[in-house]
Amino acid sequence: MKDLRLQGPYRKYIPYNIFQQCGIGHLKTLDYIFAFLIVITNFTLIWKSHSSSFWNRPWDNNSEQELSQLIQFYLDKAFYIHELPPFTIQFYSIIRRLKIAENLRYVSLFLNSSTLGFLFLITRRINCSRLISATGLLILSNWETFRNEGTIISFDSLEWCLFSVVIYSFISISIAKLGTTNWFANVITLSISLGLAISSKFIGIVTWAFVILSFVRQFDRLISDVKVTTIQIIKFVILCLLFVLIIPGSIFIISYSNLLSNFKTDTPQFSKYMSTYFKSYLRGPQVQPSRLYYGSTITLRHLDSMVGYLASHDISYPSDVDEQLVALSFEEFAADNEWLIEHPTLNLSFSEVYHADQLIPVEFGQSIKLRHKSTGKLLRASTAKPPISEQDYDFQISCTKDSNYEGGMDERWDVLLIKDEINNDKKDNADDKYIKPLQSEIRFYNNGQRCGLLGHDLRLPEWGRFEQEVLCMEYPVIPRTTFLIDSVQLPVDFQVPMIEYYIGKISSSAEFNHTLSWSQFLYLFKEYIFKQYKYNYYIKYGKNKVTFEDAFAVEKWPITLDTDSPVWFNFAWYGSLLSMIIFMCVQCKRMISWNPWTTAEPSFSIKWEVYNEFGWECIVGWFLHFYIFTMSPHFNLGKKLYFQSFFFSVLCLLESLDCLAK
C-alpha cells in the first residue's frame, strides 16, 4: 500500500485521519444487511429452540422477580431504592405500559441479539474480514452466561446492547474525518447511547471514563498533525465537551429527575433508609414541637447510618446478663426505638401542667437522662467492653436497672450541639439555645465515663439481630456521634408552638410552597445515589456477607470458564487473554528497541497501525472494566459482570487473528 505519511519539518508523520484516507473500516451496504440478519437469525433460533411454555413461565429467577417488582413499583409511582440507575426500570416500564411486547423476555432476547449485530459491525470497523467477524459472533453467542441472559428479563441485556452501540460509535468516530456528516452522526449516537448506558448500570460510568480517555488520545493525534488548524482543534474540544461530557451527563440527570418526580406514594420498607429531608418529600410536611421539652418521648436517628434508630431490646449481653442490649435498629416504627427525656435532678409531674410556659425546654449543654420507654431502663455507659469493638478506649452502652432506678453519673448525658442552621438567619436568636426537633444535629457526652455516644457500621452477631453496634468512645469521630431527633410525643395534651418541616425548610403556618427548587432537587439526587451505593453493599448483601466469601474472586474471572459452554470455547476464552499478553509483549519490544536519535525512516504498514491503535483501546478497555470490580465492598459479584472486559478481549483476539491472516 502507498505510504500516506506526510513530510514534517524533520521526518515523516502520520496524519490524524490516516484510517479514513486508507479506507479502513469502510462499511458497505452488505455489512449492514449481514448485521440485520444476525439479529433476526439469533432471535429466531433461540426463540424456536424453546417451547412457548418456557417463555411464558412464571418468574423463576431471583433477578426476574426483583426486576418485575421494581417495574410494578415504577408503574404504581411508588418509592423504591435499588442499587442500579433508573433507566433499565424506566425502559421496561414504558414497554409494559405501552404494550409494545407481550413478553418482556422477548425484549431481553432482542437486546442480546442486537449486541451480536453490533459486534459484527465493530469487527468490520476495525478492518476484520467477514470470516474473522463471524468467528467473533460464534465466540460470544456460545458463552453460556450471555445466552442465559437472553432468556430472562435481565438488568444486563440493555446495558450490554448500549455498550456495544457506544463502542461501535466511538470506533466509527476514530476512523472518520473531523467535521463530516458521518462524524457528526456517530458522535450524536455515541452521546445518546453513552448517556443511556450510564443511566442503566453504574459500570457505564467506567465506559464513560474509557471514552473520555480515548478522546484524549485522539486529541493528541490531532495536535500532532501540523496541517490541522487551531480552529479545527478548538472545534474538536468544544464538540467533545458537548457530546462526551455535557449531553451524557444531562441524560443521566434527566433519568434521575424523572424517577424522583415519579415518586408519588411512600413505601416505608424503602423510605426508612432515607433522611428526614427526603422522607418529608415523600410523606409531606412533618409537624413537630418547635422545642424539645423534658418529659417528651422521642426517637433518635443516627445520621451516619442507613436507618440507625437508637433502640434497646429485651436481650442481654452475653458477657453481662444484667445489662440490656442497645443498638442501632433497622426498623423505623418500633416501640423499642422510643426514649423518655428525663431531667437529671427533678422528678417532674405533668398532671398539673396546663400551659406551654410550665414546660421546661432542653437547652444545649444541659444534662438529661434517657429512659427506654418500653422497659423503663436507663441508658448508661460502663467500663465493660462492647461486644465487637474491644479497644481500651471503648465503653459498653446498655440499658440498666428498672423504672424506679434514678441513675447516677453513668446515666447522665450532656446534649451538645453539632449543627443547627435551618431558618437561622438571625445572629442573636433567643431560640438558638434550645434543642429543636428535626433541626438540631446533636451528640451525647456521658458524664460518668467521659465519652461520646457513637454508632458505626459494624454489625452485631445473630444474637444481636445483626443490628449496628453502639458504644462510647473517649475521642470519637464527630460524624459517627451525630444524632437527630426524628419524632417527638409531648408529655401533655394541650397545644404548644409547632413547626412544619418540609424538605429542609421550616414554616410556622399551614400554608407552604411545596415546589422543588434546584438546590432541593440536587440534594435529593445526591442523597438517592449515595443511599443506592450503601444499600447495595450494606443492606442488601451486608447481613449475609459471609455467604459470599467463597464466591468467585474477581481475580479469577479471566481464568474461570463456564462449565456449560462448549469445549472449543475454552480455546477462544484463553486465546483472548493470550492475544492481549502477546500485544503487550510486542509493545514492550517496540519501546525497548525505540531509538529517538536515529535518522532512518521506520517502515510503514497500515495493518500494523490498525493493530497498534485498536489493540491499545482493547487493553485499556479490558483493564478499566475489570479492575473496578476488585474494589467492590461486597462479594455478590456474578460472572456476567465480566462481559465488558470479555468483549474487549475478544476484539483483541479477532484483530490479532486478522493481522496474522493478512
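FYI, residue positions are counted from 1 along the chain as it appears here.
Cβ coordinates come from backbone N, Cα and C, glycine included.
Annotated features in Swiss-Prot:
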- 289-344: domain 'MIR 1' (DOMAIN)
- 359-418: domain 'MIR 2' (DOMAIN)
- 432-488: domain 'MIR 3' (DOMAIN)
- Asn347: N-linked glycosylation site (CARBOHYD)
- 1-26: topological domain 'Lumenal' (TOPO_DOM)
- 48-159: topological domain 'Cytoplasmic' (TOPO_DOM)
- 181-195: topological domain 'Lumenal' (TOPO_DOM)
- 217-235: topological domain 'Cytoplasmic' (TOPO_DOM)
- 257-482: topological domain 'Lumenal' (TOPO_DOM)
- 504-565: topological domain 'Cytoplasmic' (TOPO_DOM)
- 587-617: topological domain 'Lumenal' (TOPO_DOM)
- 639-662: topological domain 'Cytoplasmic' (TOPO_DOM)
- 27-47: transmembrane segment (TRANSMEM)
- 160-180: transmembrane segment (TRANSMEM)
- 196-216: transmembrane segment (TRANSMEM)
- 236-256: transmembrane segment (TRANSMEM)
- 483-503: transmembrane segment (TRANSMEM)
- 566-586: transmembrane segment (TRANSMEM)
- 618-638: transmembrane segment (TRANSMEM)
Residues of the same chain, at least six outside the transmembrane segment (27-47), with any C-beta under 8 angstroms of its C-beta?
55, 106, 109-110, 112-114, 116-118, 120-121, 124-125, 130, 137, 141, 147, 150-151
In the chain carrying the residue listed as 'N-linked glycosylation site', residues 6 or more apart in sequence that have Cβ under 8 angstroms from it:
none
Long-range CB partners for the topological domain 'Lumenal' (1-26) (under 8 A, at least six residues beyond its ends), listed in sequence order, are 124-127, 171-172, 174-178, 218, 221-222, 224-228, 601, 604-606, 609-610, 613
The topological domain 'Lumenal' (587-617): which same-chain residues, six or more beyond its ends, come within Cβ distance under 8 Å?
1, 3-5, 11-12, 14, 18-19, 22, 24, 126-127, 171, 174, 214, 217, 648, 651-652, 655-656, 659, 662
Return the average pLDDT for the topological domain 'Cytoplasmic' (48-159) as a whole number.
92
Who are the long-range neighbours of the topological domain 'Cytoplasmic' (217-235) in its own chain, taking Cβ under 8 Å and residues 6 or more past its ends?
6, 8-9, 13-16, 173-174, 178-179, 616
Contact set, same chain, for the topological domain 'Lumenal' (181-195): CB under 8 Å, 6 or more residues outside the stretch:
162, 165-166, 169-170, 172-173, 204, 207-208, 211, 239, 242-244, 247-252
Taking a Cβ cut-off under 8 Å, which residues six or more beyond the ends of the topological domain 'Cytoplasmic' (639-662) line up next to it in the same chain?
119, 122-123, 126-129, 132-133, 135-136, 139-140, 143, 145-146, 149, 156, 160, 163-164, 167, 203, 206-207, 552, 557-558, 560, 562, 572, 575-577, 579-580, 582-583, 607-608, 610-611, 614-615, 617-619, 621-623, 625-626, 629
According to DSSP, collapsed to three classes, what secondary structure does Asn347 (N-linked glycosylation site) have?
coil
Going by DSSP, how much of the topological domain 'Lumenal' (181-195) is helix, how much is strand and how much is coil, in residues?
15 helix, 0 strand, 0 coil
